[in-house]
Each structure stands twice: as C-alpha cells, then as structure tokens.
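Q: I grabbed these lines from TrEMBL:
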- 35-54: transmembrane segment (TRANSMEM)
- 74-92: transmembrane segment (TRANSMEM)
- 104-122: transmembrane segment (TRANSMEM)
- 134-154: transmembrane segment (TRANSMEM)
- 161-180: transmembrane segment (TRANSMEM)
- 192-210: transmembrane segment (TRANSMEM)
- 222-243: transmembrane segment (TRANSMEM)
- 255-275: transmembrane segment (TRANSMEM)
- 287-308: transmembrane segment (TRANSMEM)
- 314-336: transmembrane segment (TRANSMEM)
Amino acid sequence: MMMSVVSTVESVPRGTGTPAPSLYQRIRRVLTRDLLVTLALGQVLSLLVCAISLTSKYLADDFHANTPVFQSFLNYILLFLVYTTTLAVRQGEGNLLAILKQRWWKYMILGLIDIEANYLVLKAYQYTTLSSVQLLDCFVIPVVLLLSWFFLLVRYKAVHFVGAGLCLLGVGCMVGADFLLGRQQGLGEEKLFGDLLVLGGATLYGISNVCEEFIVKNLSRVEFLGMMGLFGSFFSGIQLAIMEHKELLKVPWDWQIGLLYVGFSAFMFGLYSFMPVVIKRTSATSVNLSLLTADLYCFFCGLFLFHYKFSGLYLLSFLIIILGLVLYSTSSTYVAQDPRVYKQFRNTGGQPATDQPPLSTGVLEPSVTYTSLGPEAGDELPVRVA
C-alpha cells in the first residue's frame with residue numbers, strides 16, 4: 001500500500017501547477033479589505049490629532065490662552081458625563097461600584113499617567129523646537145513595542161520591525177524638511193529640559209496605550225473610558241486649581257475663544273472614544289505608527305491657514321510612513337500561548353481538559369491568538385491519494 005502511495009505522488013508531472021500570480025493579483029492579495037480598513041481607521045485618528053493641534057495653536061498663538069490642563073479637564077468632564085454615568089446605571093459586575101471595589105487603585109494610577117502624559121508634551125512646546133517634539137515623541141514606539149512584548153506577550157516578526165523602522169525614517173525625513181525650511185519656532189533657553197519633557201511624556205503615553213490595549217481587549221471599552229473620566233476629571237481638576245487658575249483669569253473670553261474650546265473638547269472626546277475601537281481591532285503599536293502622519297496633516301493644513309512653505313520632502317515623508325504602515329500591517333502578530341489555554345486548545349477529543357484546575361472566579365482568562373500549528377510528534381499526517 002505504501003508503494004502505491006509513493007508511486008502516485010511521484011507520477012505527478014512537473015509544471016502542471018497553477019500559474020504564477022500576476023503583479024495585480026499580488027497587490028490585491030496584500031491590499032486586502034481588512035488592511036485598507038485598518039489604515040483608514042488609523043488615519044481618522046491622525047486627522048483628529050491634527051484638529052486638536054490646530055485648535056490648540058489658535059488658542060495659544062492668536063488668543064494667548066495657554067491652558068493645557070483646562071483643555072484636558074474639559075475632555076475628562078465629557079468622558080465622565082457620557083461613560084462614567086453609563087457605568088453608574090449598569091447592573092451586575094459591570095457596575096461602577098463593583099469596578100471600583102475590584103481595581104480602583106489601578107485606574108487611579110492610569111488616570112494620573114494619562115493626565116501627566118498630555119501635560120508634559122504640551123508643556124515641552126514652551127522650551128524646545130517643533131522638530132524636536134516631533135522627533136522625540138517617536139520614542140513612544142519602542143516603549144510600546146517593549147511593553148507589549150514583556151507584559152502583553154506579543155511576539156513580532158522581522159517585517160514588523162522593518163515597517164516600524166520605515167515609519168520612523170519618514171518622521172526623520174519630515175524633520176529634515178523642517179530644518180531646510182527653517183520651521184524652528186518655539187526654541188527656548190532650556191532646550192534640554194524641553195527634550196526631557198517630551199521623552200517623559202512619550203514614555204507615559206506608551207504605558208497608557210499598552211494598558212488601554214489590555215483593558216479594551218480583555219475587559220470593556222466603556223469601563224476604560226468611564227474610569228478615565230472619573231479619575232481624570234478629579235485629578236486634572238485639582239491640578240487646574242493649583243497651576244492654571246491665574247491663566248484662566250487672563251483669557252480674553254469671547255465667542256471665538258469659546259468656540260475653539262468647544263471644538264478642542266469635541267475633537268479630544270472623539271479621539272478618546274474612537275481610539276479604543278481601533279486598538280481593539282489592531283494594537284497599540286499600530287495605532288501609534290498611524291499617528292505619525294498627524295504632523296504632516298497639520299503641515300498640509302498650514303499651507304493654507306498659516307502660509308507654510310512647501311517642500312517635496314513632506315510628500316516623500318508621508319509616502320514612506322504609509323509604506324511602513326502597509327508593511328507592518330501585512331503580517332499579523334501573535335500572543336505567546338498560555339499553557340492552560342494551549343492544552344485545552346490542543347485537546348481534539350471534544351472534551352475539556354480535566355487534569356488542569358479551572359481558572360478561579362474573578363481571574364481573567366488570558367487573551368490568546370494562535371498562529372498555524374504544525375503537527376506534533378505522534379500525530380498522523382493525512383495523505384490524500386489521487
């Protein structure tokens with residue numbers, strides 16, 4: 001019987017397989033619908049960041065309203081009114097009180113991290129250059145990669161590092177264009193201090209994003225936003241009363257300033273509400289790579305609003321970043337298997353594994369993504385005979 005199987009397999013003539021796919025077919029295979037949707041969602045987030053930056057620039061430059069804490073406070077209040085109240089009226093384990101009893105101190109720390117990340121980066125513009133902020137803010141990428149590797153157990157392939165490297169190369173190209181055109185506004189006497197503020201803010205952003213990815217993939221998007229609204233509004237309100245109450249009194253209030261504050265709050269609320277949706281579909285790393293195009297969108301808007309000088313390097317930078325995003329998204333990451341879940345997954349008898357104790361109540365089952373598994377020793381290889 002074995003002889004006939006070998007004979008049948010060897011008798012297949014060579015060159016009778018399917019023809020090699022054309023270039024168009026290969027492009028279609030790479031640019032799938034899911035990939036295009038993922039890229040589009042990331043660019044929506046990037047456009048929201050661009051809108052936030054533009055409204056902040058108008059407030060600071062045209063109306064001399066330097067109130068970063070107050071602007072963040074308005075966003076946290078909106079999150080509180082929408083998502084925290086939603087948790088308050090829920091029943092069961094997803095109720096606000098039940099969540100606070102189990103993990104209030106964790107969300108308190110996360111809320112402080114999120115507040116200070118926003119504050120440090122906004123404060124850095126007073127001490128360092130725009131190009132330094134753009135370049136050093138990319139430090140969030142290696143922070144997210146490392147934290148995802150060690151704490152979320154995400155495993156990357158070589159193509160992911162190449163894609164991330166291309167995105168960072170695109171940012172370098174953008175910064176080079178800024179140098180050539182002399183867009184170095186915001187240089188202060190303490191540039192090193194401003195650079196350290198950016199690095200600190202980028203590190204806190206990375207921690208916040210990785211925690212957000214874990215929460216939205218294992219718990220709930222509404223829970224994350226509700227807790228951010230609760231603790232964010234509380235602590236930013238305290239920081240506002242201590243640090244910015246005099247600045248608020250100096251703001252020349254009129255309908256234009258009010259409209260800018262409303263617009264900033266709406267864009268910020270949209271960013272916070274939509275980002276967990278994209279992170280749940282992709283990852284914190286993919287989202288942060290997508291946000292690298294936000295500075296380019298700000299520049300393109302500045303061509304019409306602030307009469308910036310144009311350079312072809314900006315278009316080249318945009319194309320390099322998009323190419324890096326496509327390359328990063330063409331291959332999926334995977335999560336290292338947990339032994340308990342892995343054993344249950346490999347149990348092909350249809351019955352749950354009984355030699356492992358069940359997970360205790362209240363302990364989250366690890367979120368595991370499996371790649372294709374090869375046959376193990378002892379498994380019989382299926383042979384199809386023509």
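Any Cβ shown, glycine's included, is placed from N, Cα and C.
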Q: With the transmembrane segment (161-180) as the reference, which stretch in 35-54, 74-92, 287-308 has the largest tally of C-beta pairs below 8 Å?
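A: Most contacts with the transmembrane segment (161-180): 287-308.
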Q: Which bits of the chain, at least 6 residues beyond where the transmembrane segment (192-210) starts or stops, bring a Cβ under 8 A of a Cβ in it?
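A: Distant Cβ neighbours of the transmembrane segment (192-210) are 110, 113-114, 116-121, 123-128, 132-133, 136-140, 143-144, 147-148, 151-152, 279, 284, 287-288.
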Q: Residue list, the transmembrane segment (222-243) vs rest of chain: Cβ under 8 Å, 6 or more residues beyond ends.
A: 69-70, 72-73, 75-84, 86-87, 94, 96, 99, 107-108, 110-112, 114-115, 119, 212, 215-216, 272-273, 276
Q: Looking only at residues six or more beyond either end of the transmembrane segment (104-122), which have a C-beta under 8 A from one in the stretch?
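A: Tertiary neighbours of the transmembrane segment (104-122) are 56, 68-69, 72, 76, 133, 137, 197-198, 200-202, 204-205, 207-208, 211, 227-228, 230-232, 234-236, 239.
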Q: Flag the pair the transmembrane segment (74-92) / the transmembrane segment (255-275) as in contact if three or more Cβ pairs fall under 8 Å (sequence separation 6 or more).
A: yes
Q: Relative to the transmembrane segment (255-275), which of 35-54, 134-154, 287-308, 314-336 accounts for the most Cβ pairs at distances under 8 Å?
A: 35-54
Q: List, by number or range, the same-chain residues at least 6 past the transmembrane segment (314-336) whose CB is under 8 A from its CB atoms?
A: 30-31, 35, 38-39, 42, 152-157, 159-160, 162-171, 173-174, 177, 282-283, 285-286, 289-290, 292-293, 296, 299-300, 366-371
